[in-house]
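S.K.: Got a structure for you, written out below as structure tokens; questions coming shortly.
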Amino acid sequence: MGASSLPPAWQLYLKDHRVSTFKNWPFLEGCACTPDRMAEAGFIHCPTENEPDLAQCFFCFKELEGWEPDDDPIEEHKKHSSGCAFLSVKKQFEELTLSEFLKLDKERAKNKIAKETNNKQKEFEETAKKVRCAIEQLAAAE
């Protein structure tokens, strides 16, 4: 079974697939945070206009930017997301049993749901703040 036949989220378990996301990555040879080392630490490159070096762990969804050439991706990952289960996996994706993989992917799915829920809550709170402000302005105008 080829990597392309895997669901997109599962393709990210393959280091080569993660490496392929590092197009226009500013740190190449002579740096600690090369695309290969970033992918080894679980990161994918997801740049934005304002954050060209934004990288996100595909597993815990922690986003880090402001990379320096000497930053060690695994150490930075541990420092900012020490509970990421991906960091404790000692086998390659292809070596995991089905049971091990499904248990691991269940953790990734829980992380994704938590991240999305947190984002929606922030969005709701921002909207509620704007609505409250508009209501207060209406009340003050009376």
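For all residues, glycine too, the Cβ spot is worked out from N, Cα and C.
The annotation repeat 'BIR' is assigned in Swiss-Prot to 18-88 on the grounds of a curator's inference. The phosphoserine feature in Swiss-Prot is assigned to Ser20; the stated evidence is similarity to another entry. Annotated N6-acetyllysine per Swiss-Prot: Lys23, Lys90, Lys110, Lys112, Lys115, Lys129, in sequence order, evidence recorded as similarity to another entry. The annotation phosphothreonine is assigned in Swiss-Prot to Thr34, Thr48, Thr117. Among the features that Swiss-Prot reports, Zn(2+) binding site is placed at Cys57, Cys60, His77, Cys84. Sequence annotations record features per position, and here Swiss-Prot assigns site 'Interaction with FBXL7' to Glu126.
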S.K.: So which of the modified residues is most packed in, judged by how many other Cβ atoms lie within 10 Å of its Cβ, out of Ser20, Thr34, Thr48, Thr117?
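M.R.: Output for this query is Thr34.
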S.K.: What kind of secondary structure is Cys57 (Zn(2+) binding site) part of, going by DSSP in three states?
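M.R.: In three-state terms, Cys57 (Zn(2+) binding site) counts as strand.
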S.K.: With a 10 Å radius around each C-beta, find which of these modified residues (Lys90, Lys110, Lys112, Lys115, Lys129) has the fewest other C-beta atoms nearby.
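M.R.: Among the modified residues Lys90, Lys110, Lys112, Lys115, Lys129, the lowest count of other Cβ atoms within 10 Å belongs to Lys90.
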S.K.: Between the recorded positions Lys23, His77, where is the Cβ count within 10 Å the lowest?
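M.R.: Each of the recorded positions Lys23, His77 was scored; lowest Cβ tally within 10 Å is Lys23.
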S.K.: Tell me, how many other CB atoms lie within 10 A of the CB of Cys60 (Zn(2+) binding site), whichever protein chain they belong to?
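M.R.: Its Cβ shell of radius 10 Å holds 23 other Cβ atoms.
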S.K.: Of the binding-site residues Cys57, Cys60, His77, Cys84, which sits closest to Thr48 (phosphothreonine) by Cα distance?
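M.R.: Its closest listed neighbour, by Cα, is Cys57.
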